[in-house]
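J.: Attaching a single structure in structure tokens format; questions to follow.
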């Protein structure tokens with residue numbers, strides 16, 4: 001007897017005995033998702049969660065009503081990091097099948113690497129796994145990568161990554177990956193993508209409470225998301241040179257760890273006083289943004305699980321977007337809307353740059369004053385390390401990367417949200 005369940009889509013309501021608001025009904029031939037009027041992708045994702053929650057481990061999406069977007073919605077809801085069920089679907093056009101495969105390949109990488117434990121994904125492992133993923137999906141010969149690690153970070157001037165990670169026994173690392181499909185080694189760099197890669201964040205000496213620390217294996221979610229975004233852009237045909245820079249460290253407590261009052265001197269000459277060791281993501285990103293600026297790209301994008309303030313403002317369903325470039329920001333928001341992903345703008349203005357005073361350095365790593373807008377001042381801090389911060393720079397504060405508990409649409413863990421937005425935005429900008 002087959003254990004595979006067929007799942008159908010219907011615009012008709014369920015039979016009355018299932019309840020007048022029933023999303024699912026069951027019969028001898030399988031289950032039916034009742035959408036009513038329209039084609040509610042959220043309802044499909046919720047139904048997939050219900051079926052996974054019932055322990056159904058093999059599903060065929062059957063019937064004539066399934067298309068690319070509905071299959072994708074079901075996949076997103078059905079996927080569970082604890083128990084991977086098998087999912088099959090009806091035949092799609094060659095173009096739609098290629099797109100679905102590209103989405104699954106890229107977002108599954110993102111979700112899997114974020115869900116892994118900090119023991120499995122130390123800083124060097126994160127850099128290595130990201131490079132291996134991009135090499136595995138890019139055309140042969142288009143990707144080169146180097147990983148700068150340990151004391152080499154100091155000799156090359158990457159003081160922030162080294163300082164944040166020096167309290168850990170696991171070596172810090174910076175991935176410098178070059179995707180160049182042009183065949184010209186002197187081709188200009190179109191875009192630089194910078195990811196925060198804190199593989200575990202204890203908070204350092206500004207120690208997090210235990211309940212805030214439980215999800216901190218996912219503090220490298222910015223790196224996972226931006227790597228997946230580049231991967232999907234490549235699978236969709238990205239034809240310009242892009243560099244991926246991941247800033248990887250583990251923020252731990254030891255006799256060697258970063259201390260309050262320490263001062264970091266960055267490669268661009270800026271000095272930063274450490275007033276909170278739990279505001280470490282911006283310290284590693286600063287190195288990545290300096291390196292990105294050195295490449296003279298048209299576009300710089302950074303992704304980071306940077307602040308609790310963004311999550312407090314937007315919850316789990318949106319990433320925050322901040323930029324001084326209003327036109328570019330609008331284009332990114334449009335890309336997110338087209339890809340059906342949550343992205344919402346938060347304010348970023350010049351006065352935010354003045355909210356980081358230090359008595360001993362150019363900047364403090366946290367803002368001062370009552371009711372400080374934490375997400376905005378974190379982005380303002382980063383702006384000091386982008387050469388032309390007014391133009392061509394976008395900052396994503398990834399509030400929707402990871403869920404500590406399941407919801408009606410998502411299993412607990414990583415969501416992969418943002419991968420599609422980044423890919424579309426990159427390819428649209430590259431096509432101009």
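In case you wondered, yes, glycine gets a Cβ from its N, Cα and C as well.
For 208, 282, the entry in Swiss-Prot reads active site, with the evidence type sequence analysis. The Mn(2+) 2 binding site feature in Swiss-Prot is assigned to 196, 201, 219, 280; the stated evidence is sequence analysis. For 201, 278, 280, the entry in Swiss-Prot reads Mn(2+) 1 binding site, with the evidence type sequence analysis.
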J.: Under a criterion of Cβ-Cβ distance under 8 Å and sequence separation of at least 6, what residues of the same chain contact residue 208 (active site)?
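T.: 201, 202, 216, 278 - these are the non-local Cβ neighbours of residue 208 (active site), listed in sequence order.
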J.: Which chain-mates of residue 196 (Mn(2+) 2 binding site) that are at least 6 residues away have a CB under 8 A from its CB, listed by sequence?
T.: 219, 220, 221, 222, 223, 247, 281, 284, 285, 302, 303, 304, 305, 306
J.: Would you count the other CB atoms within 10 A of the CB of residue 219 (Mn(2+) 2 binding site), including those on all shown protein chains?
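T.: Around residue 219 (Mn(2+) 2 binding site), other Cβ atoms within 10 Å: 27.
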J.: Apart from 201, 278, 280, which residues in this chain have a Cβ no more than 8 Å from the mean position of the Cβ atoms of those residues at the Mn(2+) 1 site?
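T.: Sorted by sequence, the hits are 164, 198, 202, 203, 204, 206, 208, 219, 251, 277, 279, 281.
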J.: Write out, in the order they occur in the sequence, the residues of the chain not among 196, 201, 219, 280 that have a C-beta within 8 Å of the mean position of the C-beta atoms of the recorded Mn(2+) 2 site.
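T.: Not counting the recorded site residues, we get 164, 197, 198, 216, 220, 249, 251, 281, 284, 304, 305.
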J.: Just counting, how many other CB atoms are there within 10 A of the CB of residue 278 (Mn(2+) 1 binding site)?
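T.: Cβ-Cβ neighbours of residue 278 (Mn(2+) 1 binding site) within 10 Å number 18.
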J.: Going by DSSP, is residue 282 (active site) part of a helix, a strand, or coil?
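T.: In three-state terms, residue 282 (active site) counts as helix.
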J.: Validating a neighbour-count step here. Other CB atoms within 10 A of the CB of residue 280 (Mn(2+) 2 binding site): how many?
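T.: There are 28 such Cβ atoms around residue 280 (Mn(2+) 2 binding site).
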